[in-house]
Each structure stands twice: as C-alpha cells, then as structure tokens.
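See below for the structure under consideration.
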Amino acid sequence: MGKDVNFGKMIHGGDYNPEQWLDSPDILRKDIEYFKKAKINEVSLGIFSWAVLEPREGEYNFGWMEEMINRLYENGISTILATPSGARPKWMSDKYQEVLRVEADRHRNLFGGRHNHCYTSPVYREKVRQMNMALSEKFGKHPGVIGWHLSNEYGGECHCSLCQEEFRRWLKEKYGTIDALNKAWATTFWSHIYNDFSQVESPSPRGESGLHGLNLDWKRFVTDRTVDFVRHEAQAVKDGGSDLPVMINMMYNFRGLNYHKFQDVVDIVTWDNYPTWHKGPESHTAMDTGMQHDIMRSILKKPFLLMESCPSATNWQSVSKLKKPGMLRAASLQAVAHGSDSVQYFQLRQSRGSSEKFHGAVIDHYGGDDTRVFGEVTEVGEALDALREMAGSRTHSQAAVIYDWENRWAMEDAAGPRNKNLYYKEAVEKSYYAFRKQGLDVDVIDMEQDLAGYKIVAAPMLYMFRAGFEEKAQNFVHAGGKLILTYWSGIVDDTDLCFLGGTPHGLMDVCGLRSTEIDGLYDGETNCGVPVEGNALNMTKTYTCEHLCDLVRTNGAEVIMTYGKDFYAKMPALTCNTYGEGKAYYVCADFEQGFYDEFYRKLVKVAGIKRYIHHIPAGIEVTSRETEDAYYLIVQNFNPGSTEVRLPKGPFAVWYGEYDGTVKGFDMVVLKKSK
Amino acid sequence: MGKDVNFGKMIHGGDYNPEQWLDSPDILRKDIEYFKKAKINEVSLGIFSWAVLEPREGEYNFGWMEEMINRLYENGISTILATPSGARPKWMSDKYQEVLRVEADRHRNLFGGRHNHCYTSPVYREKVRQMNMALSEKFGKHPGVIGWHLSNEYGGECHCSLCQEEFRRWLKEKYGTIDALNKAWATTFWSHIYNDFSQVESPSPRGESGLHGLNLDWKRFVTDRTVDFVRHEAQAVKDGGSDLPVMINMMYNFRGLNYHKFQDVVDIVTWDNYPTWHKGPESHTAMDTGMQHDIMRSILKKPFLLMESCPSATNWQSVSKLKKPGMLRAASLQAVAHGSDSVQYFQLRQSRGSSEKFHGAVIDHYGGDDTRVFGEVTEVGEALDALREMAGSRTHSQAAVIYDWENRWAMEDAAGPRNKNLYYKEAVEKSYYAFRKQGLDVDVIDMEQDLAGYKIVAAPMLYMFRAGFEEKAQNFVHAGGKLILTYWSGIVDDTDLCFLGGTPHGLMDVCGLRSTEIDGLYDGETNCGVPVEGNALNMTKTYTCEHLCDLVRTNGAEVIMTYGKDFYAKMPALTCNTYGEGKAYYVCADFEQGFYDEFYRKLVKVAGIKRYIHHIPAGIEVTSRETEDAYYLIVQNFNPGSTEVRLPKGPFAVWYGEYDGTVKGFDMVVLKKSK
Amino acid sequence: MGKDVNFGKMIHGGDYNPEQWLDSPDILRKDIEYFKKAKINEVSLGIFSWAVLEPREGEYNFGWMEEMINRLYENGISTILATPSGARPKWMSDKYQEVLRVEADRHRNLFGGRHNHCYTSPVYREKVRQMNMALSEKFGKHPGVIGWHLSNEYGGECHCSLCQEEFRRWLKEKYGTIDALNKAWATTFWSHIYNDFSQVESPSPRGESGLHGLNLDWKRFVTDRTVDFVRHEAQAVKDGGSDLPVMINMMYNFRGLNYHKFQDVVDIVTWDNYPTWHKGPESHTAMDTGMQHDIMRSILKKPFLLMESCPSATNWQSVSKLKKPGMLRAASLQAVAHGSDSVQYFQLRQSRGSSEKFHGAVIDHYGGDDTRVFGEVTEVGEALDALREMAGSRTHSQAAVIYDWENRWAMEDAAGPRNKNLYYKEAVEKSYYAFRKQGLDVDVIDMEQDLAGYKIVAAPMLYMFRAGFEEKAQNFVHAGGKLILTYWSGIVDDTDLCFLGGTPHGLMDVCGLRSTEIDGLYDGETNCGVPVEGNALNMTKTYTCEHLCDLVRTNGAEVIMTYGKDFYAKMPALTCNTYGEGKAYYVCADFEQGFYDEFYRKLVKVAGIKRYIHHIPAGIEVTSRETEDAYYLIVQNFNPGSTEVRLPKGPFAVWYGEYDGTVKGFDMVVLKKSK
C-alpha cells in the first residue's frame, strides 16, 4: 500500500486506442474536440499496443504515442499510461515459445486471445522489463502522464515446467519439509504421500484434482505469482525513472486472484464494472454493484478508480441491452458515492474490427457527437466537475462484512454438505444488503484485516478459519463488538484440514454452542425459523430457510429462534451469546433476506450505531464520504420514478442535486456538513 | 454451372450397397425383383465402397460392381455411380498418416467414422484421382450409368500443416500484402498484427478464436478447399473418359460450406432431406422443408434431385418416429412440387450392422415385400411415373428472399447485440413463410445473385453487405422493385470491418433513415409495433416484437408503425421510403409471424404480383413448374384431413390427382394449362 | 464361484484407516473402545494404504498394520484385509510411467485420483503380486483376518499400447480369422474392413466410435481384462499362503463392468450402497435399492456382504442429506432382508483432509460417542447381534427378471428407435417392482443364467439375444413357464448384427407374432392400451404408454389389449400365446407402472405362485431367507409412520421385532417357521 493519491479532480475518461486510427488523422483530431466537449479529462493509453510499440524485436516505435500525449496535454487531458503486457506481439510467441501459457491439461496454447502468457518465463519477464523501462524513460516524467496502468485485467494460470518449479519452490518455502506438507494436505488419504517436493505437480483434470490442500495452495501460488509479476512490472517502471502511482484494473467477482494480496504492490485500487442494468429492478443491480465497489474500496480503505465501465451496451454479455436514459449517470455517480475518484469508460472510440467492435463507446462507428450516448456522457462529465471537491475523501464504516477469497476457494472445492451450490456470495450479500437498507456504510473485508474499528461485523459461512482469526474474533466480541457467525463456520484450518474436537473451532465458547451435524436440503426443500416467545431480540416473524441447516447443541447461548419442522424441529435456528462486553450471534441456516432485514434492524439498535436517515425507502441508497473538513451524505434513487425521502437538516445542507422532499428517479442528492 | 440435365423421367431409387451382401446371391436377386415391383428405376452405387473396390493398395476389385450394373441395366434400372472418397480404407490411413484430418486443437484424428480426411493431402488426392479415373474408364460409358455421385455429404475441415500452407497461400492471393490483411482484420486490436503471411495460423480453441476476420476467411477457405477437391474429383472422372453429369449431395441447413460456391463444379444440385415429420404440425414441417428445397433449387435455378430421404424412420435423430400412412408420398411429392426431378432414398436395403443398421429402408431386415413401408414406396413410384412429363420443368419466381451463408457466418460470430441467439434463420423463414402463404413461388438466393428479375425482394438481417450489394439494391429499388430491409443490416463490409458514417451502409438514402442504436431484449422481454393512424400501407394491427429493436432516425421515410413502449416508444418500428420507381421498407424489430403475414399480404398487392389462387387455407401449399409448352399449378394439402380449396378454371384443368372442391389429406392435385 | 462362506455372525464394521492417525495413539485407542461400544466386530483394513505399506520401492512397513490387527483381534474384532492396488504410490508412477492409464483420447494420465492404472502393465502386475504375496505371507494366517478385500471398486479402462495388443490377442482368440471379425462387425459399412488383426484399435472419440461391434467387444474385453487382473491379485494372495475368501466391492448400477463375469473369481459378492434416502418417498428408494441388492445376490445366489454404506450423509452427491432418525437402521436391515450377511460402513473414522473428509462416519471430527450417528450405529449393531442366526441363510425365488449388462451395452449404443433414452433400467424396474408389490422374492439374473427353476420370468427389452437364449426361453415356456417379453426384443445377435427374417428372433412361434415396425414417441407423446372385451387375463383398465410402440402382426397369439390411438389404433398392445405347457406374453409398448401392477397381479395367479401375505400395503416390503431348518419371513415398513399389515399365523411366529397388527415406521418384523 503505497502513496496517498489525490488527482485533484474527478477523473473522466477511459481506454483510448489511437494506434487503430493512425491512418485517419481527421478522426484523431476530431476525437480531442469531442473529448473536450464531453468534459473528458483523461485517457488510458497503450493498453494492448505492444505490436505497434515494438513492431519487430528491439525496434521501438514510440513517436505516435509521444505526439498523442503531447496533443492531449495541450488540450488539458491527462494520460494514464499502460504497460502493454496484456498481449504480446506474434513475433515474440513465434520466436520464444516459452512465453505462451500451458493449460492444466499440459498442452501449450497457440498464439491468440490476450493474457496468454506465462508469468514465470524469464524471456517474457525480460521483454516486459525492457518495454516498461523504455516507456518509463520516455514518458515517465511527461507532465501529461499521471499514472501507470499495468497490463490489463491480470488473470489465468500457467502449468509449464518453469511454473511447476516455482510452485515447488513456493511449497518448500511454506512447509519446510515434505512431511509437513504431507500432514497439511492429508496425503495419507488415497495413498498420495510425497517423498520429495520434486514429486509435486500442479492440479490437473488429467491427474490430481481432488487433493484439496494442493488445489488451495495452487490457487494461492497463482495469486502470489501474479503479485510477483506485478511487482516486476512496477519495478521496471520505477527503474525507468517514474515515481507515478501504479495500478491494475481488477474485475467483478473474479475468483481467480485474491485481490487483497495486491495491497502492497498497487498505489490505488482500480476496477472494471459491467453490471447488467435493466435485467432485474435497477435497485437490485445497484445493491449488487455497491457491494463490489465496497469490496474494492475496502482493500486499501482509500478512494479507488472506476477504471472501466460501458457508456452504452456491452457486446460480450448474452444480451447487449442499451442503458435507458439517466442510467449511465446514475451508475457512474454510484461509483463516486462508494468512494471512486473517477468514472472511466471502455472505450472512448469504438474499434472497427475484431472481438469487441460492438462494445459501446463514447464515440461510435457513426462518428458524430449528436448521439444519445454522447449526450449522456457529457452529463456525467458535468456532474463530475461539480463534485470535484470530493476527490480524495474517504468512507468510515461502522459495520463490516467478511468476504474472504481463500475461504471461498476452499469451501467451494471441499465436497461437503452441498456440492450443487453453497451460496456463499449470496450469504454475504444478505448481510451486506441488510446493512445497506439501514443506510450504513459497509466495509467488505477479508479475514486478515482488522476487526477493531467496527461496531458490528457479519462473518457468514467462514468455513475456513485462517490462522489467528479465532483470537481476533474473540477479542472483538470481548471488547464489546457484535459478531454474527453462521452455519458451516470454523470447520477447517488454512490448509483445509478439519478441526478436531468440535466447531466452530475456537469460538464455541464465544458462541455458547457446538455444531453437531449439518443437513443439506434439496433444491426446493425448505425449513423455517420460528421466534421463541419473549426472545431478547424481539424477533417477531417466522422466516423460511433452505440449502443448509446446522444442528447445534447450545452451551450457554440464548435461543432466539428454533426450527419449525423436520426431525430437528424445536432445535435452535438463531442464538445469541454474551461474551465479555459483546455479543455473538449464530445463524444456523440459510435464511431468506427478510430474516436478515429484521435481524439487523434490531442489531443496529443493540449495537448503538449512529445514522442520519432513519427511514430509507426501497431503492434509495445512502452512503457517505468525508474529508478532514466536511462530511458528505449521499442519497441516490435507483427507482425509475421520484421517491419521497426525509433528509436531515440542521448542520446539513443540500450541496449537489435537486431535493424537494423527493429525489428524482435515477438522480442523486448530496448533503454536506462541516466538521 | 454445367449442363442442362433432363433424365427424361422422374428418378426413383437411392443408395444401394450390394457389396454388403456379396455372400448372399439370393438376396441380391430378390432385390432387383423388389425394385421393379416398387417402380424403382435407379440405384446409387459405390458410396463408401472403397475397401471393397481396392482391398489392398493398387489391387482393384471391380467385378462385383460390373456384374451389378449389368444386371440392373438389364432390368431397366439406371446407376448413378459414386466415387468412394467419403471414407478411405484402413490400409491407407495406416500407411499414409497425412490423409487423416487434424482437428482445430491440432491433434490428428485416428482412423474412424467417415469424412475423416484432409482435402489437401497430395497422397489422398492422388489416390482419389487414380480410383476415380479407374471407375470412369471402367463404367463411364456403360449405358446403365447416368451420372456421378461424387463422394458423400462433403464437410468438415482440416488444420494440418499442409492445409495451413494452403490457407496462407489463399490469403496472400486475396490480400496481396500483409498490411492489407492487417487492415482488413483490424489486427491492431489486442496487438495481433502480423509481420508476414507465414505467421498466420488457422483459428483454434487453443489459440486465436476471436479475430472475426480470420474466422470468416477460414470458413471461406474451407469452402474453397472443398470446391477445389470436388473439382479435382470431377476432373479425374472426366480424365477417365466420362462426360456424365457430376453432382454432390448437399445437406439441410448445413453451415459448414457455402453451397453457392459449388455452382460451377456441379451439373445438378442434389440434396439429402430428413425432416422430423409429426414432431409438430405437418404443415409447419412442410414450410420448413419447402424453404430448403427452394434454397437448393435457387443455387442453379434448375431442377434438382432429392438424393436421399428416408422411406421410414431415421435412426440418428433423438427420436426415430415412423412416418404415418401417406406421409412418405406427401413428402416425396413436395420435393417434385418444388423442382426436384427425383425421389431417392437412403437406403434401398438396410445394412445388417454398424452405425446405421436401423435407418429406415425400402427393404428391411425382415426382408419381405409385404411391409407397410414397401407398399408406400410403391405408391411413390407410381406417382412419379404419372408425373414423368414434368421432368426438366422449371420454376419462375416473382419473389425472392436473401439468405446468405457468409452473412450468417459473420453475424453469428460477431459478438454484437445478442450472443444468445440472433434468430437469423427464423427471420428469413418469417419472410419466406409469408410469401408462401400468398401462394408465391419463392427463390431463396444469396447476395451475389441477381435481383433484377424479381418484383419483390426481402433481405432480412443483412448484417454484412458483401461488395457491390448496395449498388445492386439501389438499382433494384430505383427500377421499381420493392425491397424489405430490417434491423441489423449493412453494419460491416465483407471482411467484417464496421462501416463508418452510419448504417445501413450505402442504403440510408434508399431507406430514408439511419439506424442510431440497437437494443438487445432479454428472453421473454417484448415490445410491440403500433400502426400509425392513416398509414399508407393500411396496416391495422399491433404486433409483438422481441430480441432486437433498432432505433432509427428517419430522413424522408414515412413511418408506418411505431414502438409501443420503453424509452423508444413512438419511435419508428416500420417505415417506407419511395426511391426512384420503387419502395424500400425497413422493419425495425424482430416481429412475430403475424406481422409479416399482414405486411406481405399488402405488399403483394402494392407490387402487382400475379396469383392464380387467391385464398389459400392453412396447410395448403401452392407451387408451380413450367416447360416451354405448359404451366403446372401444384396444390398440396399438408393437413391430415380434406381441405376445401377453390382452384382456378378456365385454361386450367386437373391433370393429376383428385379434386372435388377439396383436396384430400396429405394429397396432391396438379392443374395444367398450355402456354 | 468358490467357497460357501458363513462367518457365523452378521458382520458389523467397515473401512478403517488407522494409518491416517499413527501420530495420535490416543485416537487409535479410543477407536477400539468405541467399536466395542457400537458392537462393531470387523474392520476393513489397508484400502489405499500402499504409500504407507511401501513408502519407498521395496521397503515394506507392515509393523503398524500388524499391531493394529493384533489389537483388534484381542478386542474381538476381525479384519478383512485389503490389497492396496486401488491407488499406487507416487514413486511408482514416477519411475514406471506405464502403470498410468491412457485415456480413449490416447493421452496418458498424470498421477492422481485413484484407479488410475493400467490392468495390463507387467510392471504394475508384478508390483501388485509382490505386495499381495507379502501381505498374505505376513497376515494370511492371522486368526483375526477373515478375508481379502481385493483392491477397491474396480473400474475404468486403459487404451495404452499394451492394452491394444491384449485387445487384438483377445479378438484373435474370439474370431480366429479377420474375415470372421469383419463379418461379425459388418465392417463393409463405411469402408471399415480390416485386412489384419494388427489394424484394430480400441474405440476413441478421436477415431472410431460408431462401429457397434467394436464398441461392444471392447466393453467385453475391459471386463475380461479386469477379471484377469482380479484373478492375478487372488492368485498372489493364494501364493502367499492364504486360503481365505476373496471379494471385490461392486457398485450401484455400474455400467463399466459386467459383474456376472466375476462369478468365478470371487468367493462372496460384496457391494457398496449409497442411496439418496429422503430425496423422494423412502418406499421408492427402498424398491430401487432392493433391486440392486437382488442383482448382487443373484450373481452367486448366495448371501452377499454390504461392504460399504454411509452411517450419515455422503459428501459427494449433489446434496448431502442427513439420514433421519431410524433410517440408518432401516436401510441396514434391508440389506439383511435381501440376503446380506453384513452391514459395513465407509467409514469408521472420518479422515481429516482430502476429497472425502466430509463423508459421514461412525466417529466424526468432533470425536465423541455422544453423537446421534454413533447412537444409531449402535442400534444397528444390536439388531445384527439379534439376527445372527440368519447368517448364511439363502433366498429362493419363484420369479426372476432378466437384466443383462451386455444387452444394455449393445442397446444403448445402437442408434435405434430412440437415442434420447430407451429407459431400459426403468423397464426392468417396472417388472421388478410389480413382483415386489406381490411380496415375491425376485432374482435379477442375466441371460446366461438358468431359467429352469422359476415359475415366471420377465425379460424386458432383450434387444440382444445372446447365443442360446432362444432355446432356453423356448424350453422354459414349453415346460410350463410363464415368460414376459416386450417390444424391442430379439433384434440382434451377440455381435450386434441384426437378425434377418423377423423378430423377436427364434421366438416368433413361442410368442405367436412378429414385430413389423417400432415407433419412437417424442417426449410427452403418449398412446394407451385398451383391454379387449372378455380377454382371458381379465385385464380391466386402460393404461398409458410412451417412448416406444411396437407394431406386431399376430400369428396365433391372443390379443389382450390394443392400442387406443394413432394409425395403429386397434393393433395389439398386449398378447398372450400358449406354447407347450406354458405361456408367452408380449408387451408391445412402454407402459406405466400401473399396467405391470395389474398384469403381474393376474399373472401370479395364473402361474400358481405361493405367497404368505396376500395384501401388502404400499411401503411394506416382504422378503424371505431360509436355512435348512427354518424359514424367515421378513416384513419391513418404509413408511415413516405405523402401517397395518395382516401377517400369517399358524406355523409362523414373530421372531424379531414388534408387531401389534401394525409395523412401526421404518421398523422390521421377522416371522419364523420351522421347516
């Protein structure tokens, strides 16, 4: 986690590929004219440009880029410069086969697509280093260049012999002895004991695919390998003389990499967001998207950038739906409301051919500025201009939800109570949504992050307790925190080895119970939770649960709800245990959203959380950002029509947007108070 | 496009494999007896017989075939002789591995199946040449032999290094310079620029699969390679001394090859037809099948042959349904009604083993002539005999629908407004069906064919405008033609590069509008088209549309219908523009069939098209064939029961079939008038 | 079929892997304490223990096993000792690549999973032989060891060059000449004629996959290869000096191996049973499971062992459902009711890691004996103790259903009247269930077994008549037996070559009819069977049929029911023919269960079958076992609640369980009478 970055403005821009139009100077000229009209103040340049930057080995062709950066700068437009490692030129794969990725089936890919490279290959690393240094030397001090966009959407894995060697080295460093590895992976099962690190191979559909410890460590290795590659890229940029912030563009709900591990190698978190607006109610999509924004913001707990978004319809989803009028602005400003200092698009000008030629763009194939999309982009530009003083402001959350990549990897691979679907992401969402409906800012953190600052922490389905989590959770509750745990928690340690002696491991006393069995329910099968008469939390309704029902034996916990049927009717379904100054709640089953809504509404009171807006109508999203001097209370309406909301007065004043007792459909209002 | 062929009879016969029964002379004797009984006057011999014809390399075994052809001839039965290249003997693959195909994943197949050969392999070409010449020398002048059935159902592709080399040669010939190719394929995108033709590789799931220009050219190359192979086969036959017509059997809705490209290498179009009768209403299946017949007839605009059809149930569809009584005759005569000069079966005698042993046959394993199927085949034989004077007669259509293979390849690969399904074939069908319901003969042509002779042309979803199409369309309308274009038209040129400056490219003035955006609708989502009050076409009803909605800005066109909802309510949904002497209609969305039925009913009047039967009940199909002297008006009933139809009198008289004001279920009536 | 084995007790135990806990002596000590508490009297040891038994090549480590066997023996617990060939150690695959399996795509697997070995590899065979002999020498005469569990769940196939050679040798032995093979496989079709055995290759998705004769012989070869491997393993054990019974654990509905072929190499049939209880009504699952028990018992017609079952939820099914209270005991005792002399579990103690760590176990990760599961296991132990005198007793069935692996292989590969699903297993079940509902013990046999002892035999969908079946069936009926044949029977011989001259081949006179055509019905399409007025069997109701309708022409048979619609309305749907002293029934279509229930209720009377309980309520299962002295009539209730059943008195007395006119939910009652 490097610098604190504040660009002093809200960035408005996106991916731009002038190298596709070098034979059309008219178009390039027109582009800048259009950018200014739409208040575009940044372009991301050079993504996938390697074949133009180095058309033949060692032969650099940077002139067009220099001219472009200059021209943009003269017109008040900054450049975020990409390193081109997201796709190599054909000559490189032809000459050095090792740069191409080997799949899990052990076949090496042919040239094609993008991201098709080995992160270990010394040749590839050297070629990237030379290119990055050259770019950095050439442009790193240019006043128009403000940051580095390393490669593009890192992802994927390579199983070549070089990577296998690295994996073995990584394992040796982690486990020290092969016996320790054998024990951690329980290799005695099915006679899989290794005599030596050299015997280990990466998982493969043609070989070993069921050794969970191996699978999990392989995924961790892939993340570490990628982090190491990012570090390599960043170092080359630095060695070229540039000290500008580096960033990588992350992706929605991407399982391939644990993004938290990148916290030390990037200066700003940036991500690419392509929600399917209008597929369901916009307010649902907003909730889903909001959670992803919060995941991204919580990695560094600093402002992030929305590095890519689509000004119109994408072209790679199963249906490419147009954004209805107002949607682009609402979606863009939601990012800002959740902590973004930018709204950037893929792409500024639509490419003429190949696989993304129909991806929405600010300027389309028609080429005019009299399009609906261009008008809406301009509106976003104007809004960002108006909000510029919020740049750099931060969000301080009283509530957190734990959403942990490694836990997900382990749990989904584990072959346990349900193989069809465990609904982990959904379980996290239910807690997140319930907090959001109370108007709380929410951090979405992983198990390694601190719990200390929060009043309330939900930790759904923490199947794996990574080392130290039990203590952290104990301390949190003991000191007065409110912790929510659920079914299927504390089952394995961080090598996916089952805890002996009862679960949730290490927190049985904190929760005042032990889990004895867990029932998998068939699709369509349900049970329900019935409130115990006179329960302390005053839960009043019966709620449906499905998928998984944990059967617990309490030992001190108060039973708040019980199951309504099956042989475990009357057994606990929701419990509360007082531990030190705090309370630990245990949700036994996968309850419907309504359960969480009522439960958290009551918890928020118990936890003594401060809120400025008490009644939040459906479809309204409330967030906040703060600077040292000011507090911004942001209210967005994701309903298509106007909605009545009662906003606070007193120190607060309407600072941006229109408010007459209602907020207009898809519109935003910002209240501000001084601190 | 070679000879005009007229066999002087309606051919009745099909695939026959006596080589499977050489050890059962009784059976072979019986077969001929049965053939005569069923009025079978042709057999297709030698398909897949290579292993018997050349059991060991260079060792020919033609005796059995000679005897068979002689015996058939003596019994009045002609032979269409196959070249056996559809499957090679095992000894050849074992000795010459190169004859086996390499898949896109770059693995060479093992011996097996059929069609498993490289079309480039010099060895395979030489072996085929030797065999074809030998067959031609031996049988090419035999009075019983009437034509050549080259190979069988050509298809598939090979990615071996020989084919890669040919592909590069093909590209070089097409583009001249690598820069031209780079530009055409937009390789700047994702850094895919080639420095040299030698760097190009065919598409592969393990390599490049998203470069649309490459994909499209590869498909074209595969067609050209196959055409070249057919030419090679035909030349060998010719060099062997035979001048008989050559043909290849094509397939239903086959996407792998652009059949129009075969027009110069075959003398007659022939095809294999296996509809799933009785799965839905027979009248629907008839419509679907009718369109395929018309596609085939339109390639050469001459009579074609129905080279294969099933006398009973097939064995390779998911359910092998028996044909109900009368269905075989109705299906067979439909081919004739649409221009076929034959009804041929796969197969005359059922094989005892292997993968098609349960495919329906004229003579089944039981082996008697007292089966239902044998009886129905005999009825077909009698009907064909009665219709023999129609052999060689042609169809003259006033209407055409454009259905273009290359357009389909490009559009379905393109990643555009819907990736789930674009419904191109369905869009073509809606126009075709609407014409058919008016009793029109319809040519189904591709973009390269002439528009000049037609009064009305429907061109649905012409995403790609192949070179010259805009001009041809302009001229057609200008000269008085009625042209129907739709949403998602004129988007790319023939390398799949997007047109700049607005779409439909080159026809914006003809249509009096520009398309500005296109909305993809989710499955289940709909909009509708509402007639504008007092519209010139007198459209009266509101129709549902789905999948795709084009948002157009008119510039001169009259708006006939508008959208009923969403943010584009009141925007045009159907327009008409007068251009020169003609009119261009633009259908903005994927409307239901009813829309086309009403729209085309009205268009047919506007276009001044002549029809002999004005009210055509559902399930009745009307077609025509003409000679220099006579005009045959053919009425088929695809309803199971009798249907009332009012047939024209005057110069027309009932020439074949029974008519008493009604046409019987599954029956056919032919009226004839002299010219 | 070797020894008659009677362990003198009902075995209660299962898979136990102490090698996973060698570093936890406390746990190992505790385990034995728990075993005794739960009346566990056996453990299966050494399954998958190779890597511990021989950690490095040639270095044996048997001490832990010796200590364990001793300790168990001292505590009254027997050991069934496994040979560890189910999974090899890593060092072996690393040193000798040939031990790894080659898939049908001709790629050799990497190390991983289990069962990943070639059954031909001389190295693997030698390693297995050495290990088995060493185990046998060391433990074969230990008084605590009572039998050999060879490997684990044999399965899979290998396509390596060694196996190809064996396959060719096998074919040569079978066919003698290549001409005979060509004829049997009908290789003339598609030019697949072989010149020599050396040209034959195993089926492959990359090569030949549609040559049915090849596919079928390959499957037979795979079974024979596995049998040969089992024989090799057994011989090594014997050569090591042990004469104890050998067994292999078979699987539910496993298509990969024809288990009947193992009858000569195993002494006892044992199998692994994992039904999905509670997914549907328990009585349905019981019926399905009962049939599998009966298949297993019918292989040797002797008691079998239930070698594996789950004491709680499995972890590898899509949903891991807990067994409700009482279910474990009911499921366990059902095995005994159908002829098992054991109830064994996978697993006694849950492993801590890897792919089955969440599979239910007697002792779970928590590790206490105060769990619900432990309590229910103990109840099973007590029940088995009470039933011990039934050990060794046999079942004598008056009815049999033919269920033939080779028939299934051939039919499902054949490409015939339906490719979607032929519902063979379901057809067998319908007959089986209908017999069961009458309280009959049922043998489920294959075509090679005797028909002589039965009063009634159902032979549904015998597509393939294996050599000699026609005669056997003729004799059976002629001598007074009642035979039920159905649609799609007697179509091919045992090389899958179609019979000529009519079907069902060789039984047309026995059935008094010939099948002329067969109609495949689309999903959702139905016909029905209507009873002929005054039919001899007194069938009274109309029943629905689907999927397949056979159109037969009778020649002597009495028509009992006719079709209700389609063009074959009024044609026969059920017929009966008297032949000699017996009767042959022909069911023309795939009728619903109710049809079989009524039909067989009436047949049971016609066949004069003796039954002790006349009215059997739904959910009640009646079976019997006999010794020389006693007859046990077993009544199980698979309804959750009590059910009224009228049990016989007289010589019968309640010997086990509680009966007060009702049998409790999930409970069992055994009546006994002396002989």
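Cβ atoms here come from the backbone N, Cα and C positions, even for glycine.
In the predicted structure, the domain 'Glycoside hydrolase family 42 N-terminal' (C:15-386) carries a mean pLDDT of 97. Taken from TrEMBL, the feature domain 'Glycoside hydrolase family 42 N-terminal' covers C:15-386.
The substrate binding site annotation in TrEMBL covers C:Arg114, C:Asn152, C:Trp316. Around the Cβ of C:Arg114 (substrate binding site), the number of neighbouring Cβ atoms within 10 Å comes to 22.
All protein chains included, C:Cys160 (Zn(2+) binding site) registers 21 other Cβ atoms within 10 Å of its own Cβ. For C:Cys118, C:Cys158, C:Cys160, C:Cys163, the entry in TrEMBL reads Zn(2+) binding site.
According to DSSP, C:Glu153 (active site, proton donor) is assigned to coil rather than to any helix or strand. In the structure as shown, the Cβ atom of C:Glu153 (active site, proton donor) sits within 10 Å of 18 other Cβ atoms. For C:Glu153, the entry in TrEMBL reads active site, proton donor.
Neighbour list (C:Glu308 (active site, nucleophile), Cβ cut-off 8 Å, at least 6 residues apart, same chain): C:Gly14, C:Asp15, C:Asn249, C:Trp271, C:Asp272, C:Asn273, C:Tyr274, C:Gln344, C:Tyr345, C:Phe346. Annotation note: C:Glu308 (active site, nucleophile) sits in a strand segment as assigned by DSSP. The active site, nucleophile annotation in TrEMBL covers C:Glu308.
If you look up TrEMBL, you'll see C:398-609 marked as domain 'Beta-galactosidase trimerisation'.
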Review point. Suppose we call a site close when its Cβ is under 8 Å from a Cβ of chain A; which of the recorded positions C:Asn152, C:Glu153, C:Cys158, C:Cys160, C:Cys163, C:Glu308 are close?
Key: none
Review point. Hey, how far is C:Trp316 (substrate binding site) from C:Glu153 (active site, proton donor), Cα to Cα, in Å?
Key: 16
Exercise for review: Could you state the whole-number distance in Å separating the C-alpha atoms of C:Glu153 (active site, proton donor) and C:Cys160 (Zn(2+) binding site)?
Suggested key: 21
Point to revise | C:Cys118, C:Cys158, C:Cys160, C:Cys163 excluded, remaining Cβ within 8 Å of their centroid (Zn(2+)) | key: C:Glu98, C:Arg101, C:Val102, C:Tyr119, C:Thr120, C:Ser121, C:Glu157, C:His159, C:Ser161, C:Leu162, C:Gln164
**Study point:** Long-range Cβ environment of C:Cys163 (Zn(2+) binding site), under 8 Å and at least 6 residues apart
**Key:** C:Val102, C:Cys118, C:Tyr119, C:Thr120, C:Glu157, C:Ser202, C:Arg225
Check your understanding: Could you state the CA-to-CA distance between C:Cys158 (Zn(2+) binding site) and C:Arg114 (substrate binding site) to the nearest Å?
Key -> 14
Review point. In Å, rounded, how far does the Cα of C:Asn152 (substrate binding site) sit from the Cα of C:Cys160 (Zn(2+) binding site)?
Key: 22
Review point. How many Å lie between the Cα of C:Arg114 (substrate binding site) and the Cα of C:Cys160 (Zn(2+) binding site)?
Key: 18
**Study point:** Three-state secondary structure, C:Trp316 (substrate binding site) (per DSSP)
**Key:** coil
